[in-house]
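See structure below.
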């Protein structure tokens with residue numbers, strides 16, 4: 001179908017043509033003539049890289065230009081939100097303003113009312129629904145990217161609640177990978193179903209086993225090892241993406257592959273890769289990444305910092321990085337296709353031991369093979385060490401993806417959502433709550449209504465017993481202040497209960513380690529894991545620091561206790577300005593883990609302060625908690641807090657300023673620019689920015705530092 005045949009405004013067609021799109025892919029054409037442009041709900045279940053996003057973009061632009069209002073585009077990851085935000089900016093030329101909303105769950109974000117297209121994570125949009133943001137009534141379209149995540153143990157229930165809230169209020173488009181039961185999902189959504197196996201790049205699939213690749217079509221090719229598949233791709237001037245099941249394995253495999261990949265690079269590439277490697281901040285994980293980068297190889301996992309992940313993704317897309325070894329996090333929607341995808345592991349560790357990776361996930365990884373506009377064919381190869389190729393082909397290549405099942409039985413999320421129905425949406429009777437849940441995917445799948453009823457009763461009793469709600473003499477359910485604040489803070493009521501129960505102990509003995517340990521035991525924070533080798537260190541630390549903790553060692557839940565304790569130790573080191581590299585080495589963690597727990601800890605400590613206010617804790621405790629939140633946010637000791645206001649000043653520069661005698665904003669305002677320039681890490685641009693912030697305009701010509709080549713040439 002030609003773009004000119006689309007039943008949309010000429011302005012939309014013009015944007016598409018400027019992108020070089022003259023003709024739509026068959027699934028796109030089918031979707032856009034299904035009734036979606038006339039307002040019908042739509043579920044698109046097609047392979048990766050088949051143009052799902054463009055279907056949504058055209059439908060959104062058409063809807064908003066014709067009817068006005070707003071569209072919300074839900075994504076599973078912040079990184080994906082940033083990617084979509086960049087893609088959607090094209091539509092601003094038609095007057096459709098685009099915004100992105102991810103963090104800060106305790107805000108109405110009324111500023112979003114000025115925008116037409118809002119890209120948000122599921123959790124962020126759920127929190128906006130709870131806050132009753134006024135602009136939500138103007139939402140005419142809701143797009144759920146990666147809607148198959150409704151079957152995810154962790155996040156599926158949140159997605160299900162959002163959709164249930166919006167069904168009937170807005171047009172809904174679901175974008176999905178190929179799933180096992182799309183008809184059932186489409187029926188629940190009251191949506192037209194577009195299902196297709198069509199791909200813009202042909203995909204050749206096979207299994208590597210005992211020195212041969214056995215292709216799905218019956219052919220075979222000889223390779224000495226699976227690594228030869230990587231080297232062969234690089235020799236052909238193409239890229240390879242290798243999926244493994246563990247972070248450590250990703251790092252080790254990348255460094256092994258790097259030894260040989262380097263031989264296939266030219267001088268220009270080696271020079272650019274050296275510049276990339278030198279741009280990384282120093283820490284043990286980045287040292288390994290830099291070593292691999294020098295040879296055109298990288299690893300990618302959740303333990304990398306955000307900047308490092310973006311650097312790897314961008315340079316792999318550009319073709320400078322030839323090989324990426326990744327954990328499956330990279331298959332979760334980020335746009336990083338490669339000519340050849342090699343799936344090294346089809347088993348992974350879970351809390352229940354080793355488990356087979358689902359067909360849906362493996363097929364998503366395989367879908368990363370083949371780059372539109374660059375490759376005529378992509379190759380996806382599963383490595384098997386023990387299983388016969390025919391069995392792997394039957395299970396993963398020819399097998400159907402698993403069916404999606406509602407995760408509403410996840411009691412933690414159900415607890416939070418039932419409180420939200422009462423405290424935010426005004427549900428005041430058991431029957432109203434039950435009727436709402438009857439509209440969910442859970443109920444649509446015919447799950448046991450008696451079991452659901454029992455869960456609702458148990459949760460309401462928990463909320464009543466812990467003073468989140470009350471039941472009036474007329475049998476009406478009413479929210480209490482603790483319940484209202486808990487749901488607005490977007491925390492699990494169980495977390496709020498832990499805060500409430502622990503506050504008297506905090507009043508008596510306020511200290512960071514105790515608070516960090518408490519929040520790490522709460523369900524809203526996933527604590528760090530620890531190895532057997534670390535057990536004796538953690539036990540020794542515990543016995544020397546136990547007087548600071550609010551919880552005693554519970555031998556029945558020893559592992560949970562020590563995971564929380566290790567997390568508390570890392571946070572304690574962070575606020576005492578221990579360098580990031582030292583934290584990584586001392587506690588056997590990755591930079592990405594530090595950023596994750598710091599971000600979550602800041603939110604939970606803020607929530608603790610808010611719960612303390614509701615429960616009328618002493619002002620001293622509220623102030624103490626708020627100060628601790630700032631220390632966690634910036635990774636600093638208390639005396640540096642005033643300096644963190646300054647632009648371009650992080651924990652290192654703030655400490656350098658303080659140690660040089662500039663302990664507050666007034667002392668900096670009265671300083672000479674030359675005095676600040678003498679401080680390590682403070683350059684002309686930073687000094688200009690600081691003085692501008694303090695209301696003083698200065699212009700500095702930066703002189704070269706002593707001991708540099710520039711100083712030698714221009715003293």
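Each Cβ is built from the backbone N, Cα and C atoms, and glycine gets one as well.
Since the structure is predicted, the reported quantities are computational estimates derived from the model, not experimental observations.
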Per Swiss-Prot, which of 141-144, 145-148, 149-152, 153-156 is motif 'DEAH box'?
145-148
Per Swiss-Prot, the range holding motif 'Q motif', considering 1-29, 30-58:
1-29
Cβ distance under 8 Å to residue 47 (ATP binding site), same chain, sequence separation 6 or more: which residues?
177, 178, 196, 197, 198, 199, 203, 367
For the motif 'DEAH box' (145-148), how many residues does DSSP put in helix, in strand and in coil?
2 helix, 1 strand, 1 coil
When you look at 28, 46, 47, 48, 49, 50, 51, 52, 53, which the record names as binding ATP, what is the longest CA to CA distance in angstrom?
13
Is it possible to get the count of other C-beta atoms within 10 angstroms of the C-beta of residue 28 (ATP binding site)?
24
Nonlocal residues around residue 53 (ATP binding site), in sequence order (Cβ under 8 Å, 6 or more apart):
84, 87, 145, 175
Long-range Cβ environment of residue 51 (ATP binding site), under 8 Å and at least 6 residues apart:
24, 25, 27, 28, 200
Applying the rule Cβ within 8 Å of the centroid of the Cβ atoms of 28, 46, 47, 48, 49, 50, 51, 52, 53, what extra residues of the same chain belong around the ATP site?
25, 27, 44, 199, 200
